[in-house]
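Participant: Sequence annotations record features per position, and here TrEMBL assigns transmembrane segment to 22-41, 48-76, 96-121, 133-154, 166-191, 212-245.
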Amino acid sequence: MTFETDAPAAASPAAAKPPNNLVGLSLLAIFVGLGAGLALWPDGPTPLTFGFVLTGWILAVMAHEFAHAGVAYLAGDHTVAEKGYLSFDPRRYGDLGTSLILPLIALALGGIGFPGGAVYLRNDLMRSRSWRAAASLAGPGATLAVLLVLAFVLNLWGRVALPGPLFAAVAMLAFLQATALVLNLLPLPGLDGFNALRPFLPKTWAPAVHKLEGLALVILLGAVFFIPGFSAGLFAVAVTLAALLGVPPEAMQAGWDAFHFWR
């Protein structure tokens, strides 16, 4: 997810500190450790699946936001490097509400890859409208890449070994990438699908769009939880997409059940 501005955004307390790549590396180590636990202890407690999927989701969000920043840098916005967006520190991406609280609520309660994280890009520094659109689409492109890698691993895995708890957890993580991809491409203010169109819209729309950006995410979260048809449609599209790439639906269901271990 990106927010565009023509002026430097006010720095948050976290952004004022130098990025620390050890934060991301620690998350990666935890992710690998939990995966090893699921592989070596298949009858272990199901919270292992929750922790594995949660840390994997955070790492996937980091890839998504890094892609936004990387393309923006190529487009001419070199402030992304100064802001630490090109580091391996997830604390650099956005604020507490949009980056952590709302996505974690959606993830824990709904099992949905709600768009999380945000980078602030300088549209006045990017060399063209096409580059601005490319920077917006780079995030979903990274999400799709993660989904493709996970699907490839599951396809290969299913041919050489019997599925187990780790297989189901990876399938659940792939499902989350599918939901995130679908949601992020919706043409709603604040989401990447709209931001890819935004450079080509009349400039007179900018004030109204800016006001809607924050509300759109709350409305979207409400629709997911309180409009049955919306959430059912989202799940159907995400499951179909993941299944077309070779992620077994029964493994996604098993991962879903293990992830929601408290139910």
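Cβ atoms here come from the backbone N, Cα and C positions, even for glycine.
Here the structure is a predicted model, which means the values were calculated and not measured.
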Participant: Name the range, of those listed as 22-41, 48-76, 166-191, that has the largest tally of Cβ pairs under 8 Å with the transmembrane segment (212-245).
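Facilitator: Per the Cβ count, the answer is 166-191.
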Participant: Other than its close neighbours in sequence, what residues sit by the transmembrane segment (166-191), given a CB gap under 8 Å and a spacing of at least six beyond its ends?
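Facilitator: Tertiary neighbours of the transmembrane segment (166-191) are 1, 3, 35, 38-39, 42, 49, 52-53, 56-57, 60, 64, 107, 111-115, 139-140, 143-144, 146-147, 150-151, 153-154, 157-158, 197, 209, 212-214, 216-217, 220, 234-235, 237-239, 241-242, 245, 247-248, 251-252, 254-256, 258-259.
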Participant: Using a Cβ cut-off of under 8 Å, list the residues of the same chain at least 6 residues beyond the transmembrane segment (133-154) that approach it.
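Facilitator: Cβ under 8 Å, 6 or more out: 1-2, 60, 63-68, 70-72, 75, 77, 121, 126, 167, 170-171, 173-174, 177-178, 180-181, 184-185, 192-193, 195-200, 241-242, 245-248, 251.
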Participant: Where else in the chain does the transmembrane segment (48-76) make close Cβ contacts, counting only residues six or more beyond its ends and a cut-off under 8 Å?
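Facilitator: Those are 1-2, 24, 27-28, 30-31, 34-35, 37-38, 41, 85-86, 88, 90, 93-94, 103, 107, 113, 116-119, 121-122, 125-128, 131-132, 134-136, 138-143, 145-146, 165-166, 168-169, 172-173, 176-177, 180, 184, 255, 258-259, 261, in sequence order.
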